[in-house]
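These notes concern the structure reproduced below.
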Amino acid sequence: MGRKLDPTKKEKRGPGRKARKQKGAETELVRFLPAAGDENSKRLSSRARKRAAKRRAGSVDVPKPNKSPGIKTLPGELSKGAVQARGKKRPAPIQNSDGDEEEDSGEDDVVTQGDLWGSEDSDEDMVDDYGAASNSEDEEEKLLPIERAALKQKAQDATAGVLWNEEDTDEDEDDDGVSPESHPRKDDKAEGDLQINVEDEEAFVLPPAGETDQDGQAPDLQRVHKRIQDIVGVLRDFGAQREEGRSRAEYLSRLQKDLATYYSYGDFLLSKLMELFPLSELIEFLEANEVPRPITLRTNTLKTRRRDLAQLLINRGVNLDPLGKWSKSGLVVYDSSVPIGATPEYLAGHYMLQGASSMLPVMALAPQEHERILDMCCAPGGKTSYIAQLMKNTGVILANDANADRLKSVVGNLHRLGVTNTIISHYDGRQFPKVVGGFDRVLLDAPCSGTGVISKDPAVKTNKDEKDIQRCAHLQKELLLSAIDSVNAASKTGGYLVYCTCSITVEENEWVVDYALKKRNVRLVPTGLDFGQEGFTRFQARRFHPTLRSTRRFYPHTHNMDGFFIAKFKKFSNSIPQPHAGNSAAATPTEPDLKDQVTPKSENGSQPTKKARGAVKAKQQLLRQPHSKKPFQKLNGIAKGPGLSTEPSVPDAQVSTRPSQSAGNADVNSKRKRSEKLKQRGPKWKPSKEAAVPKPSAPSRVEDSGTPVPTPSEIRAAPRPKDCAPSLGKAKKKQKGKQQLAQQPANGAAPLKEDAVSKGPSAPFVSPHSSTRPPPAKRRKSMTKGNSQPLLS
């Protein structure tokens, strides 16, 4: 920019007033080279002497530089880009005094960086520091007193040969200049390190049983870590490396104390982990809990695609990769130059910060479109939004949580992510079947002890005990049974339940699942996840259902995600099995248990007798026999047909189950006479309640009159006693005789008075032991009071 300078019109100027004229190399180098008889000459090596001789020879015949007159570089000033030389010294050329007073054109005054490295005059323009000590008087006047003293000290050191020069740099190349006592301190330090290494490599010796650690002193973590490695090595080959007289329990006890000290765990949780993992895997698990898990994102496919989201975040300075082949929407973040939870994409709802293990339960649930799904413990809403994402905002999702404060985060996340098919509720999950049920699928992320997320919450290491584990397990059992009751087994597309926890203890996982298999009509099905370790079917003294192999466990040291447990159930019946199978309504329809079926008891609480069982069996046989064209009706325990006379059903059944055969033909004749008299009476009477059912306080001669008539369903389910087999033939014969007598027309049967019913030898209730015995007096009185009404008008 600006006007171009015309070099022809530039005035020529000579050297400055303070410019120092540099003398030849023969005078400049003499000051630094020692004299021939000087003692300091012995300090120079052979190579240094050769280089000094070359300088002396070169300083005698120095060719005159081919340089334009008038150019002179001021000492103490360097052109832009030039570096003052510290290595090899080059003798300055002898300058002509006549040329010092002449000056070249303006273009020659400018020295570029390319001229310094590529031009032939670069050595001539370079300023050396050989004459730094011989400053002019004007320069010394500008220096401070302390600077003058420093210059004098430097000059004295130069004369003594201590000044830095290139000969000092060549001492490492010479073998003659190294003294044997050059590095005494380094040798001592190396010897000390070697001694420490020798001490560390000593064999591990288990301390005596009664000896304890020194109180009041902080443990040396390096020694503790070394001892842990030694104990693990001994336990791997215990038979060969153990000390004589020491048991495995002593080594394990010492290892537990060292692990608790080194990793800051409580004794209870560490003992649980030692029961769960082998020793080598235990160390890996403890080390993995000291490192945080990688940050993972879940793409919200309701608003964007994973490819587009990844490109936007990469442009913002986020280093990320796809989460894995098992996930189509996950991204893992390695590092970021922007806060990953405050980007415009996050605020717009394009992604959700969610752990990798939290995506697995929703993938195992596999929700379908247009379904009714329940998320029983939904806060903070990550799994709920993922379910809505897979359902494409169709169907209905009921998101429930017992903590009202945590529901605020659920509302915020669902609004931000654009979820529109979710209803939020605040109920206790244990009472949820009373609120609403009939869901196609249910997801239960039960509250747990959090032993799988120690990297997020290190306080779990010390603040958990046996009571906390048992309390969580009891709550999980209640929630799981409630969730199973909320599932509809008759769903065409569903009937599934996924149970998951962020804990790795057996008490909160396999134990709870095995309990649910015994209490409800469910079975375990595969989760559909291609990776993960199988659940335990046996753990120490416990034995679980073999189908627990289909459950999945995830650990931080093997899968690089939070510890998790996932189980998937399929409900095949909405009924609830009971421990006592007496209730027919609660019995399982698929597998009815008839062996434990109990016959109904009598009203007075006594056990049913053989005769009562025979009566039930006879009634069952009567129901199976083909009846006549005219149907029979049952009213108040009396089977009647229109225009026909009948007798009470229970006494007939009792008569048919007589164990003896002494009556013979006499019983048949008495029956015929009795039936003929009943035909002549006309309208039938209805016995009162007092006559039908005797009071418990007044014992009746009719022993089985108080036995209630069982229902048809109970009759079908009742077992057949073996002792009633011979009496069934008699019952069939007598029943046929009754039907033949009943089919005879009743001509001229005049109705009698009600009082006449109690009189006469043929009473409606007959004792099973004697067919001619009259009824008791109390029953006769109750029947004559006029309470009974005729059955036929």
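Each Cβ is built from the backbone N, Cα and C atoms, and glycine gets one as well.
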Swiss-Prot tags one of Arg148, Arg520 as citrulline; which one? Arg148
The S-adenosyl-L-methionine site in Swiss-Prot lists Cys377, Cys378, Ala379, Pro380, Gly381, Gly382, Lys383, Asp428, Asp445. Which one of Asp401, Asp457 belongs there according to the record? Asp401
Looking only at C-alpha atoms, tell me how far Lys383 (S-adenosyl-L-methionine binding site) is from Arg148 (citrulline), rounded to the nearest Å. 79
Using DSSP, how many residues in the compositional bias 'Basic residues' (44-57) fall into helix, strand and coil? 12 helix, 0 strand, 2 coil
Taking the recorded positions one at a time (Arg148, Lys383), which has its Cβ surrounded by the most other Cβ atoms within 10 Å? Lys383
Taking the residues Cys377, Cys378, Ala379, Pro380, Gly381, Gly382, Lys383, Asp401, Asp428, Asp445 listed for S-adenosyl-L-methionine, what is the greatest CA to CA distance in Å, to the nearest whole number? 20
In the region 'N-terminal domain' (1-355), averaged pLDDT is 70
Please report the DSSP secondary structure of Arg148 (citrulline), reduced to three states. helix
